[in-house]
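**Q** One structure, pasted below without further comment.
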Ligand SMILES: N[C@@H](CCC(=O)N[C@@H](CS)C(=O)NCC(=O)O)C(=O)O
């Protein structure tokens, strides 16, 4: 078990939000994360957890600070666990050269190409190491996990859940990079983290996972703003929709006129995402 250091803890919506750090074996570096516990957990009950993954340039603070998620997590008795978006301080040449690759842009995969493969192992960190930490340290139930993410984090939520649907019982995404193998962000990251052989990219692409027959037993909720500046070049929700139809995957893809890629969009739909996860994870409509 890793020694978790508390960086700060704050009472919030009747529960507690905390910011923590622990030595990560997966990343070979210290890793930071945020964890919110609703009041019931502070009173000793074990609760289900919703993992919230941020996008490019974000860190473990961004989603819990900007999305407005904690009010609804408190209402539905859900913990929220937010990892960082990449290793920090790996010291690899080029990791800080651009905002869409390297630091702040780990893409929730385990890199296979040197030198990235030594530290850029966010899939192992998020899917296995971090749940192990929080399920031991906090009153969080191991068998009830949901995953939601924004943009690169939406890609992470979809790919991790489709690749391992028994580990993540519920999944949703906000403006996800839905077909990264066909998007400049994904091509840039995958060619360096995974190498030039595109066949190895497929299990890190939600659209290609669906095309290969990977499905999730629950409905996937996806919200997308139509005025999103990244929609046409990077996000490809239409490819996700077509792949879901082909795979028989239940997908609730909602398009929202006028909304951009920012957390101002997320703030308006996050209540529905928390309710979606709570229905599946706890069977509850609301504990309020
Ligand atoms: N840094 C980029 C923007 C990157 C961006 O939009 N990141 C999104 C995720 S893909 C985000 O959530 N940014 C953090 C924020 O809005 O607080 C730029 O200068 O255009």
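Backbone N, Cα and C atoms are what each Cβ position is placed from, and that goes for glycine too.
Quick paste from TrEMBL:
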type	residues	note
ACT_SITE	151	active site, charge relay system
ACT_SITE	228	active site, charge relay system
ACT_SITE	261	active site, charge relay system
**Q** Cα-Cα, whole number of Å: residue 228 (active site, charge relay system) versus residue 261 (active site, charge relay system)?
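**A** A Cα-Cα distance of 5 Å.
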**Q** May I ask which residues of the same chain, at least 6 positions away in sequence, place their Cβ under 8 angstroms from the Cβ of residue 261 (active site, charge relay system)?
**A** 151, 175, 225, 228, 229, 230, 231
**Q** If you draw a 10 Å sphere on the Cβ of residue 228 (active site, charge relay system), how many other Cβ atoms land inside?
**A** 20
**Q** So how many other Cβ atoms are close to residue 151 (active site, charge relay system), meaning within 10 Å of its Cβ?
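**A** I get 26 for this one.
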